[in-house]
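What follows is one structure encoded as structure tokens, with my remarks underneath.
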Amino acid sequence: MAVGLAISSEGSQYNGRMTSFVVLSCMMAAMGGVIFGYDIGISGGVTSMESFLKKFFPEVYRKMKEDTEISNYCKFDSQLLTSFTSSLYLAGLVASFFASSVTRAFGRKPSILLGGVAFLAGAALGGAASNVYMLIFGRVLLGVGVGFANQCWHRGTVRQPHKLWDSKDKRRLGMANLPSHGSGSASILTLGALFLPETPNSLIQRANNHERAKDMLQRVRGITDVQAEFDDLIKASSISKTIEHPFKNIIRRKYRPQLAMAIAIPFFQQVTGINVIAFYAPILFRTIGLGESASLLSSIVTGVVGTASTFISMLIVDKLGRRALFIFGGVQMFVSQVMVGGIMAAQLGDQGGIGKGYAYIVLILICIYVAGFGWSWGPLGWLVPSEIFPLEIRSAGQSIVVAVSFIFTFIVAQTFLSMLCHLKSGIFFFFGVWVVIMTAFVYLLLPETKNMPIEKMDIVWRDHWFWKRIVGEAVEDSKIEIA
């Protein structure tokens, strides 16, 4: 399989083909995203199951089944229950910093292997758990696995819908040994790491093996004439080696746009509210009156919609551009969130439920919302940061993106059920306001990055109406210092 490909740059063009080698490498890279999506989904699926709650969270089960005075919005409000979900992301945050150092010193292969082993151990512990603390410790190990896997595969993340959990107890948590489950993906990732070669960039920077790096670049591109791109890689690598402190360097004025995006994009990605749907979709559907089976099935439907829309994004992102998808998806998410909030405010009180007709309208609107995220902030929230960092600040930039993502994923996961209890239907308006803010941010401050190689990415900042004021002044200052 080979598809023609040409990437234009300033005054030159990088030619290549979409080879089977690239496709297989991307599939392997996507396993890191699969296990991340699996973890998000699994926590949402089991936390709405009565048998799981009765065994591990009896207080929540009692409120759900016996307390007739408690508000619909507060039945699942439990810090211990949210700790089960959010502990993974706190562990992932810590692990990502260690993974950054391991990857920089030894390459991606050891990081992937460590991540896969940790994930497998966490899945086994979850399956064997006899109390809630074993469950949470298993989630911590899963977080370590996710932190290592997603730090080194930050350049491409794919989220998959979670599976339908219809078991009568939590031992389904240990079924990750099957290829269709999360640890199956972790097993593939771990085994695949043994055969996955290092990238041309890594071979130039770590091994200083130019001959091997050029050969690898030819395999990646599927052609022999890669000299122009190879020269740019060597030049970028030489510049990056002069940088002794990448975290100190990234705060310099010339990298201010990249630093702003490294913080803003993962932050905005989390406050879209999508992980609320991913974590707690079954709980949310139970809140509006659907039964356990219907709630789990509804969450599967939203997962399928999210996956399909992500594939659509992959097909059109280089035709329409990043900005267009960000803005269109933002408008779509805002409208659906406001409509869901309006229906819940009008129809769902503290007791009772809403009519089945309204419940399914809410489901449809949530699917529209998930689709909007799936072809905008979902994949692009990872794609755009991976495109904008030059080599000299790449490790620092990627670490910041992953850290910010984990921090706010943890915060959202830990606080959502309490926020739902206090804000009630207003929770959707809360996230809707953030969607308006992030869409305006993209419209005003994010330049288009399609068809621009990393080595030439500084051009987009110098040409942007706002960032050129900062980057341009930084360039002039550098020239004065050199003179």
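Positions of Cβ are set from backbone N, Cα and C atoms, glycine also.
Positions annotated as transmembrane segment by TrEMBL: 21-42 (among others).
Annotation comment: TrEMBL describes 25-450 as domain 'Major facilitator superfamily (MFS) profile'.
Taken from TrEMBL, the feature transmembrane segment applies to 80-99 (among others).
If you look up TrEMBL, you'll see 111-129 (among others) marked as transmembrane segment.
The transmembrane segment annotation in TrEMBL covers 259-283 (among others).
TrEMBL lists 295-317 (among others) with the feature transmembrane segment.
The transmembrane segment annotation in TrEMBL covers 324-346 (among others). Listed by sequence, the residues of this chain that lie at least six past the ends of the transmembrane segment (324-346) yet keep a Cβ under 8 A from its Cβ atoms are 272-273, 288, 313, 316-317, 354, 358, 361-362, 365-366, 368-369, 371-373, 375-377, 380, 424-429, 431-432, 435-436, 438-439, 442-443, 446.
The feature transmembrane segment is assigned by TrEMBL to 358-378 (among others). Note on the transmembrane segment (358-378): residues 159, 268-269, 272, 274, 277, 281, 285, 288-290, 298, 301-302, 305-310, 312-313, 316, 325-326, 328-333, 336-337, 339-340, 343-344, 347, 438 of its chain, located 6 or more positions outside it, place their CB under 8 angstroms from a CB of the stretch.
Packing against the transmembrane segment (399-420) from elsewhere in the chain are residues 73-74, 76-79, 81-83, 85-86, 89-90, 92-93, 96-97, 100, 147, 150-151, 154, 247, 250, 259, 262-263, 265-267, 269-271, 273, 275-276, 279-280, 283, 287, 385, 427, 430: each is 6 or more residues past its ends and has a CB under 8 Å from a CB in it. Marked as transmembrane segment by TrEMBL: 399-420 (among others).
Under the heading transmembrane segment, TrEMBL lists 426-446 (among others). Here the transmembrane segment (426-446) has long-range neighbours at 260-261, 264, 268, 271-273, 276, 322-323, 326-327, 330-331, 333-334, 337-338, 340-341, 344-345, 377, 384, 416, 419-420, 464, 466-467, meaning same-chain residues at least 6 beyond its ends whose C-beta is under 8 angstroms from one of its own.
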| said: On average, what pLDDT score does this prediction assign to the domain 'Major facilitator superfamily (MFS) profile' (25-450)? | reply: 79
